[in-house]
Amino acid sequence: MENLVDRFSNDFMAFVKARDPNQVEFHQAVQEVVESLAPYLLDNPKYLRMKILERLVEAERIIQFRVPWLDDQGNVQVNRGFRVEMNSAIGPYKGGLRFHPTVNLSIMKFLAFEQVFKNSLTSLPMGGGKGGSDFDPKDRSDQEVMRFCQSFMTELYRHIGPNTDIPAGDIGVGGREIGFLFGQYKRLRNEFTGVLTGKGIEWGGSLVRPEATGYGLVYFVGEMMKARQETLSGKVVAISGSGNVAQYAAQKVIDQGGKVVTLSDSAGFIHDPEGIDRDKLAFVFELKNIQRGRIREYAEKYGCYYQAGKRPWSVSCAVALPCATENEIHREDARLLLANGCQVVAEGANMPCTPEAVHEFLRAKILYAPGKAANAGGVAVSGLEMAQNNMRLNWTREEVDGRLQTIMKTIHEMCGKYGRQPDGWINYVNGANIGGFVKVATAMLAQGVV
Ligand SMILES: NC(=O)C1=CN([C@@H]2O[C@H](COP(=O)(O)OP(=O)(O)OC[C@H]3O[C@@H](n4cnc5c(N)ncnc54)[C@H](O)[C@@H]3O)[C@@H](O)[C@H]2O)C=CC1
Ligand SMILES: O=C(O)CCC(=O)C(=O)O
């Protein structure tokens, strides 16, 4: 069986790589899934006969388009826009938009592929998609961001809709961008629908959507630790990033009595051994969401350590929550975290750990949760926003937060169902991949060769 599994995985990856040789991030995401699924597929040949995996790695549709816009000096700028509509077997395409200079088709496809499994795990009826642009909102004025968003939506609007494809935020796309995108969609279509999630509360948004990814991550960590009769209370927590996911993860860790000692951005990280308390976190919210400044300014204000060009994984911690971007924990970082006593790693970002780092965590049998399980709270509350839009009513904060907690608990149970080893330890990678696969594959089998 061992050899058969390896041969199957290697052959399948050779097939994927031959089709798109340069899409390294996409290969990385597929490889992780294939390694988990191979034994399950070999035991269930109906999926092999119907080429479910071959269909899953081929997007149903990819849209690539030109985004021309005028900057504040009146110069014409041209960016590239994408929407990858990966799989709609269990619901309309759903997933965020990323505006970042590194965006390319490989990154869009890896994110859309991950989204299919993640959305399935939420137990809500959402297919998977992802989109974005190589536009960099950093250092752009609000007017420039608005003109860019309007141009982006002027092409995207014809491909999306509340029952077709519902984008949301991701890196570089927050409330401001969703507002501009929604305004242009409404103007072009002449209809007010729940076509985007992450909307403002006054115009169709859901309470708790801004907090949902970070809060959901911490709820998931709570479930993982419960099995070891532990909680976050008193634990030292290292967080990377300082955007949406990092901010609300930090807030919930502090609420639960944990001590957050690091944050970062693309320029470096801060280490505050005293802990980032509520007042200091309020400064970070203001710095990042209003001033749009750099995390270095936190160290300048509070007189703590800042290191440029590095990530926070050398800092001793019990829990690590990578919440910035992909491939930010490498093998050496993983070894350092383990050597310093880290026992829990849960991914707020999508694919922040390289495959070598993941193998280190799995070999050490710590509690390690991949993003498609641990950060699914964001898209789950997006699904709840869609439900509220369809009913034309708003749930209370308690109602949405309660449902989010239940969803994260259910995802955790799903990981246990498919990932628990004979010694009781849960391989969350296998659990999330198989758990996410089964529902989508069952729907695909039922719907014929489409
Ligand atoms: N916003 C959401 O609801 C969800 C986001 N995610 C993932 O969480 C991660 C963070 O997203 P958000 O917080 O929404 O974005 P954001 O734009 O609010 O924040 C991104 C953060 O990452 C940092 N960053 C960006 N590039 C970096 C680099 N090369 N090195 C170090 N830091 C870098 C930024 O400085 C910022 O702190 C991403 O991987 C995203 O795909 C996952 C699920 C849902
Ligand atoms: O809320 C959504 O639809 C998008 C969330 C997202 O992009 C993600 O889960 O990575």
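Glycine residues also receive a Cβ, built from the backbone N, Cα and C atoms like all the rest.
Caution: TrEMBL annotation is automatic and unverified by curators.
Summarising the annotation, TrEMBL assigns substrate binding site to LYS94, GLN115, LYS118, GLY169, SER382. A simple way to gauge crowding: the CB of LYS94 (substrate binding site) has 28 other CB atoms within 10 angstroms, across all the protein chains here. The DSSP secondary structure for LYS94 (substrate binding site) is strand.
Spatially close to LYS130 (active site, proton donor) yet at least six residues away along the chain are ARG83, VAL84, MET86, GLY95, GLY96, LEU97, ARG98, MET108, LEU111, ALA112, GLN115, ASP170, judged by Cβ distances under 8 angstroms. What TrEMBL lists as active site, proton donor is LYS130.
Per TrEMBL, the feature site 'Important for catalysis' maps to ASP170.
The secondary structure of THR213 (NAD(+) binding site), as reduced to three states from DSSP, is helical. Cβ neighbour count for THR213 (NAD(+) binding site): 30 (other Cβ atoms within 10 Å of its Cβ, all protein chains included). Positions annotated as NAD(+) binding site by TrEMBL: THR213, ASN244.
In the three-state DSSP reading, ASP170 (site 'Important for catalysis') counts as strand. Sitting within 8 Å of the Cβ centre of LYS94, GLN115, LYS118, GLY169, SER382, and not among those site residues for substrate, are the Cβ atoms of GLY95, GLY96, ASN119, MET126, GLY128, LYS130, ALA168, THR197, GLY378, VAL379. Applying an 8 A CB threshold to same-chain residues 6+ apart, the list for GLY169 (substrate binding site) reads GLY96, LEU97, GLY175, GLU177, ILE178, GLY198, ASN244. Only ASP170, of the recorded positions LYS94, GLN115, LYS130, ASP170, SER382, place a Cβ under 6 Å from an atom of ligand 1.
Separation of the C-alpha atoms of THR213 (NAD(+) binding site) and LYS118 (substrate binding site): 12 Å, rounded to the nearest whole number. Checking the recorded positions ASP170, ASN244, SER382 against ligand 2, the ones whose Cβ sits under 6 Å from it are ASP170, SER382.
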